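Student: Sharing a structure here in structure tokens format.
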Amino acid sequence: MAAVTWSRARCWCPSVLQVFRLQVAKLHLGRPTMRASQQDFENALNQVKLLKKDPGNEVKLRLYALYKQATEGPCNMPKPGMLDFVNKAKWDAWNALGSLPKETARQNYVDLVSSLSSSSEAPSQGKRGADEKARESKDILVTSEDGITKITFNRPTKKNAISFQMYRDIILALKNASTDNTVMAVFTGTGDYYCSGNDLTNFTSATGGIEEAASNGAVLLRDFVNSFIDFPKPLVAVVNGPAVGISVTLLGLFDAVFASDRATFHTPFSQLGQSPEACSSYTFPKMMGSAKAAEMLLFGKKLTAREAWAQGLVTEVFPESTFETEVWTRLKTYAKLPPNAMRISKELIRKNEKEKLYAVNAEECTTLQARWLSEECMNAIMSFVSRKPKL
């Protein structure tokens with residue numbers, strides 16, 4: 001999450017540096033992470049047997065792959081024949097985890113089983129809907145009309161920079177849209193910006209130890225990105241203005257990206273001593289080639305809308321004067337298409353790389369957790385903030 005906004009520069013002193021270390025470590029604040037021990041893992045194995053609802057074949061394959069990775073490490077079996085469908089599916093799921101460490105696979109297995117257990121014990125739909133609606137933030141607007149769930153970044157005075165609560169609200173909005181009668185979900189921004197990424201001014205209330213904060217942040221980031229990987233319906237970005245940081249890297253997980261000709265795309269990770277997230281270390285080279293991906297992810301090159309289109313990050317660019325009218329007219333037409341056909345087609349397009357995306361996301365979050373605790377990251381962000389750059 002490389003994007004930062006800051007209200008004003010201040011004098012730096014040792015006490016401020018200590019606060020800043022904590023702020024960087026808490027770039028994402030979430031629920032306390034479980035440090036999955038062998039006992040936690042064994043408990044999760046027993047818990048799977050007690051699930052009241054069948055989680056479905058896709059989740060079963062994910063559980064199988066994580067179990068094998070956690071107990072045996074990277075896939076070491078010969079690839080089954082094409083007609084051995086069951087074992088081929090298992091092999092693909094395990095092999096997609098690549099070199100994911102055993103400890104991370106064990107943690108992911110425990111987290112997945114925990115989420116399955118929680119969902120099986122969830123309250124009735126009516127009560128849950130009322131409770132979840134009350135948790136929505138004014139900074140994320142969620143509306144549904146004409147079969148479209150519109151999710152809007154709504155902090156125009158902060159250039160739509162994302163707060164901790166906004167991350168949680170987006171996870172919730174996607175969860176709800178995945179199971180209701182929505183045909184597609186569309187993201188956009190209020191005001192001049194689409195989204196300026198993460199807002200460091202929200203970290204001043206951070207408490208607790210640095211390592212714990214970084215660990216919690218990695219959990220929230222992983223869950224946030226997984227909510228995009230898991231979304232089963234068409235996912236569209238309507239990029240009305242400049243986009244920075246995670247609002248850019250997430251675009252590789254969208255099914256369509258429509259941009260105004262005044263939009264720009266910027267990922268200043270190295271400038272902040274950080275590393276890519278939202279699976280961009282995988283999706284960007286796949287979309288635009290290694291050299292162009294490196295320009296963005298390593299060297300922080302800012303792309304215009306036309307450049308982003310030429311490199312495959314953007315589906316189509318529209319003149320600012322007609323952007324809203326043209327895009328929303330088209331989306332309303334798309335929303336009238338048979339929803340199950342679109343959902344099934346998306347599943348066919350995405351399913352073969354889904355486990356790969358989970359693995360990449362987990363590895364990126366582990367790497368970022370370490371980066372947030374590094375001196376290089378602390379110093380880079382301090383330098384960035386003190387210069388008050390224009391996004």
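Cβ from N, Cα, C; glycine included.
In case it's useful when we look at the structure, here is the feature table from Swiss-Prot:
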type    : residues                                         : note
TRANSIT : 1-36                                             : transit peptide
DOMAIN  : 37-122                                           : domain 'ACB'
MOD_RES : Lys49                                            : N6-succinyllysine
MOD_RES : Lys49                                            : N6-acetyllysine
MOD_RES : Lys53                                            : N6-succinyllysine
MOD_RES : Lys60                                            : N6-acetyllysine
MOD_RES : Lys60                                            : N6-succinyllysine
BINDING : Tyr64, Ala65, Leu66, Tyr67, Lys68, Lys90, Tyr109 : acyl-CoA binding site
MOD_RES : Lys68                                            : N6-succinyllysine
MOD_RES : Lys88                                            : N6-succinyllysine
MOD_RES : Lys90                                            : N6-succinyllysine
MOD_RES : Ser117                                           : phosphoserine
MOD_RES : Lys127                                           : N6-succinyllysine
MOD_RES : Lys159                                           : N6-succinyllysine
SITE    : Glu277                                           : site 'Important for catalytic activity'
MOD_RES : Lys286                                           : N6-succinyllysine
Student: Taking just the CA atoms, what is the gap between Leu66 (acyl-CoA binding site) and Lys60 (N6-acetyllysine) in Å?
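Tutor: Just about 10 Å between their Cα atoms.
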Student: Output, ordered by sequence, the same-chain residues six or more apart from Tyr67 (acyl-CoA binding site) with a CB under 8 Å from its CB, or 'none'.
Tutor: Leu45, Tyr109
Student: Give the mean pLDDT for the domain 'ACB' (37-122) on the 0 to 100 scale.
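Tutor: Taking every residue of the domain 'ACB' (37-122) together, the mean pLDDT is 83.
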Student: Could you work out which of the recorded positions (Lys90, Lys159) has its C-beta surrounded by the smallest number of other C-beta atoms within 10 A?
Tutor: Lys90
Student: Starting from the Cβ centroid of Tyr64, Ala65, Leu66, Tyr67, Lys68, Lys90, Tyr109, which together make up the recorded acyl-CoA site, report each further residue of the same chain whose Cβ lies within 8 Å of that point, ordered by sequence.
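Tutor: Leaving out the recorded residues gives Leu61, Arg62, Leu63, Gln69, Ala70, Ala93, Trp94, Ala105.
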Student: Report the member of Lys68, Lys88 (the recorded positions) whose C-beta atom has the most other C-beta atoms within 10 angstroms.
Tutor: Lys68
Student: Have a look around Lys60 (N6-acetyllysine) and count the other CB atoms within 10 A of its CB, chains all included.
Tutor: 15
Student: Hey, what's the Cβ neighbour count for Ser117 (phosphoserine) at 10 Å?
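Tutor: Taking all protein chains shown, Ser117 (phosphoserine) has 15 Cβ neighbours within 10 Å.
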Student: Which one of these binding-site residues, Ala65, Leu66, has the sparsest Cβ neighbourhood, judged by other Cβ atoms within 10 angstroms?
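Tutor: Comparing Cβ neighbours within 10 Å for the binding-site residues Ala65, Leu66, Ala65 has the fewest.
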Student: Hey, what's the widest CA-to-CA gap across Tyr64, Ala65, Leu66, Tyr67, Lys68, Lys90, Tyr109, the acyl-CoA contacts in the record, in Å?
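Tutor: Between the outermost Cα atoms of Tyr64, Ala65, Leu66, Tyr67, Lys68, Lys90, Tyr109, the distance is 16 Å.
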Student: Please report the number of other Cβ atoms within 10 Å of the Cβ of Glu277 (site 'Important for catalytic activity').
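Tutor: For Glu277 (site 'Important for catalytic activity'), the 10 Å Cβ neighbour count is 27.
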